[in-house]
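Worksheet for the structure shown next.
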Amino acid sequence: MGLEKSFILFSLLVLVLGWVQPSLSKESSADKFKRQHMDTEGSSNSSPTYCNQMMTRGDMTNGSCKPVNTFVHEPLADVQAICSQENVTCKNGKKNCYKSTSALHITDCRLKGNSKYPNCDYKTSDYQKHIIIACDGNPSVPVHFDATV
């Protein structure tokens, strides 16, 4: 009888762990935004290899080359504060986008025309521009980089 109970408990444990474990490893939209768009450590400093390094580090060249990406060189708190600034319509028509009230230091990375996976090669361009981000949650946090203006 004791062995039967142990087997049932073990089976339940395996079932629960199998159900919980995948949710523990799933990256949240907010964490993905930080990984793909935040570089608070500095800027490209006009280095032509900045985008190549950052796109690889941000896991955006795994399986294919992401065609366009923007990195923001401002404190995370400043970017999160945009979620309470001017509400604008997103490119996809949703109403959860917000425009920064001031221009931010950003680096734009664009895949060069002749570049093919696995040798993703990016053009690096620095700008001071307003950004538009999508925000979700309570408290509202950035989950998608929508545009620069």
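Cβ coordinates come from backbone N, Cα and C, glycine included.
Residues or ranges marked as signal peptide by Swiss-Prot: 1-25. The region 'Disordered' annotation in Swiss-Prot covers 30-49. According to Swiss-Prot, the feature active site, proton acceptor maps to HIS37. Feature annotation from Swiss-Prot assigns disulfide bond to CYS51-CYS109, CYS65-CYS120, CYS83-CYS135, CYS90-CYS97; the stated evidence is similarity to another entry. Residues or ranges marked as N-linked glycosylation site in Swiss-Prot: ASN62, ASN87. According to Swiss-Prot, the active site, proton donor annotation covers HIS144, on the basis of similarity to another entry.
Sequence-distant contacts of the residue listed as 'active site, proton acceptor', defined by Cβ-Cβ distance under 8 angstroms and a gap of at least six in the same chain, are ASN69, THR70, PHE71, VAL72, PRO142, PHE145. Among the recorded positions ASN62, CYS65, CYS109, HIS144, the residue whose Cα lies closest in space to that of CYS97 (disulfide bond) is HIS144. The recorded positions recorded for this entry are ASN62, CYS90, CYS109, and the Cα of CYS90 lies nearest to that of CYS135 (disulfide bond). Taking the C-alpha positions, the distance from CYS120 (disulfide bond) to CYS83 (disulfide bond) comes to 32 Å. Of all the disulfide-bonded residues listed (CYS83, CYS90, CYS97, CYS120, CYS135), CYS90 has the fewest other CB atoms within 10 A of its CB. Near HIS144 (active site, proton donor), with the C-alpha within 10 Å of its C-alpha, lie none of the recorded positions CYS51, ASN62, CYS65, CYS83, ASN87. Taking ASN62, CYS65, CYS83, ASN87 as the recorded positions under consideration, the smallest Cα distance to CYS109 (disulfide bond) is found for CYS65. For the disulfide-bonded residues listed here (CYS51, CYS65, CYS109), the lowest count of other CB atoms within 10 A around the CB belongs to CYS65. Under 8 Å, Cβ to Cβ, and six or more positions away along its own chain, ASN87 (N-linked glycosylation site) finds LYS95, CYS97, TYR98. Around HIS144 (active site, proton donor), a 10 Å sphere centred on its CB holds 21 further CB atoms from the protein chains shown. Sequence-distant neighbours of ASN62 (N-linked glycosylation site): no residue of the same chain at least 6 apart has a C-beta under 8 Å from its C-beta. In the three-state DSSP scheme, CYS135 (disulfide bond) is classed as strand. CYS51 (disulfide bond) sits 26 Å from CYS83 (disulfide bond), taking the C-alpha atoms as the reference points.
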